[in-house]
Amino acid sequence: MSTSRTVICLLRNDLRLHDNELFHWAQRNAEYIVPLYCFDPRHYVGTYNYNLPKTGPFRLRFLLESIRDLRNTLLNKGSNLVVRRGKPEEVVADLIKQLGSVSSVAFHEEVTSEELNVEKKVKEVCAKMKVRVHTCWGSTLYHRDDLPFNHMSRLPDVYTQFRKAVEAQSRVRPVFPSPDKLNPLPSGLEEGAIPSAEDLQQTEAVNDPRSAFPCSGGESHALARLKHYFWDTDAVATYKETRNGLIGVDYSTKFAPWLAMGCISPRYIYDQIKQYESKRTANQSTYWVIFELLWRDYFKFVAVKYGNRMFQLKGLQDKSVPWKKDMKLFNAWKEGRTGVPFVDANMRELAMTGFMSNRGRQNVASFLTKDLGLDWRMGAEWFEYLLVDHDVCSNYGNWLYSAGIGNDPRENRKFNMIKQGLDYDGNGDYVRQWVPELQAVRGGDVHTPWTLSTAALSHAQVSLGDTYPTPIVIAPEWSRHANKKPTGMGPSPRGKKGPSHTPKQHRDRGIDFYFSKSKNL
């Protein structure tokens, strides 16, 4: 086709134009740029241990929206997104042959084995075909090369030590500017159709009006969300107080799904926080957004340090725990019919929307690993399947943490489902939203239907073991809180929107998960 220099930019979890070093580099090093996305068939098979579907309907819809959005953005810059179905190493080889002018293939480095395997194969293809490979690092807030540890093996095993070292000794690099115009595709190159869920033999996502994440995929939607959350509503200024909410869109930033696919850059979020702090207000809430981005960085670097131990039964601590593989218990958990309403509400929200609050995730993970004693990888793979914001490092890192075999300085952390439900959903509005069979149980009583009198249950039209399950497990410590419920406040209006505010006495509880000395969670 062309004898001029062409660069293929292989895109994976970096579906954006802003702060994207690949485009910045390609623009300076080639006359023609081929932005390429491959629908890799390996992403649409079963998970490693339990053969659950690897990419669920919500994440796939979000991905397809992100691909369409990026194509529109690139078209507006004089370029386009080339889309192919197939393994990246094979697609790249075909394009190198077809174009005859490819001087380099560029991509962002990833950290876990399946992604590294793709990189290895792409490098082998390029070496064979005498094409250079250019790699960048762009998925974290702090660049890998700027960490204050001589080698990744020196990365601390406790988050707080990592955070303090990085905050004191490293700096966040500036964002790459977005190019006004991009060099074009080589002439005659087919753009390729964006497949549908059906084309990929996957089920279509169904909208649920109760969703706390009714947002679309793509860079333009990510940037609009940040503008809304920071500049239009100032919601970021109260993030630390509302971040443990359960109902509505604005109790937390909701950046995670866009971050996971690289539709928004952590450095851009940081840059906007710094601007917000200088123009509006700087407080614990604005800092807390950075604190959470650092957790995301930390799990990514932990994956670099530990490799496949992230996915192994014994975890990072090489600890033998007699995990069970009881499919009956697992099915009750994943389908939201454990008989423990706070767990069931969260699991149903996940199944129906692909989203669950941070507070919910901590609780259902603790319930699966500590109350049911099930193999933590069952939970991790179920989350991998369904979460719209699935990020392999954060998901597996958090599950290891919950299972007590990851980066947790505390031994035997176990959440009390009843105390947590009453602390964060005291009036039971969230439970009633997702467990309609308990709709007529008033106030906090909804968290412990098995403690209600026969008369109270029959008045609420609940028949335990029939209309709603009896609990599959009752932990002894729950009884301490079962009789402290706020009562008589009545159910909230159905379908209530807006933030579910965290009670004042629990506003700092987010930090408890990581640092509290109290065992009474």
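Every residue gets a Cβ built from N, Cα and C, even glycine.
Keep in mind the model is a prediction, meaning the values are calculated, not measured.
Annotated features in TrEMBL:
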type: BINDING; residues: Tyr239, Asp389, His390, Asp391; note: FAD binding site
type: COMPBIAS; residues: 494-507; note: compositional bias 'Basic residues'
type: DOMAIN; residues: 5-141; note: domain 'Photolyase/cryptochrome alpha/beta'
type: REGION; residues: 477-521; note: region 'Disordered'
type: SITE; residues: Trp323; note: site 'Electron transfer via tryptophanyl radical'
type: SITE; residues: Trp376; note: site 'Electron transfer via tryptophanyl radical'
type: SITE; residues: Trp399; note: site 'Electron transfer via tryptophanyl radical'
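Annotated pair Trp376 (site 'Electron transfer via tryptophanyl radical') and His390 (FAD binding site), C-alpha to C-alpha distance, rounded: 16 Å. All protein chains considered, the CB of His390 (FAD binding site) has 23 other CB atoms within 10 Å. Note on proximity: of the binding-site residues Tyr239, Asp389, His390, the one nearest Trp399 (site 'Electron transfer via tryptophanyl radical') is His390, by Cα distance. Of the listed recorded positions, namely Tyr239, Trp323, Trp376, Trp399, the sparsest Cβ surroundings within 10 Å are found at Trp323. Here the domain 'Photolyase/cryptochrome alpha/beta' (5-141) has, by DSSP, the following mix of helix, strand and coil residues: 61 helix, 32 strand, 44 coil. A straight line from the CA of Asp389 (FAD binding site) to the CA of Trp323 (site 'Electron transfer via tryptophanyl radical') spans 27 Å.
Distance between Cα atoms for Asp391 (FAD binding site) and Trp323 (site 'Electron transfer via tryptophanyl radical'): 24 Å, as a whole number. Separating the Cα atoms of His390 (FAD binding site) and Trp323 (site 'Electron transfer via tryptophanyl radical') is a whole-number distance of 24 Å.
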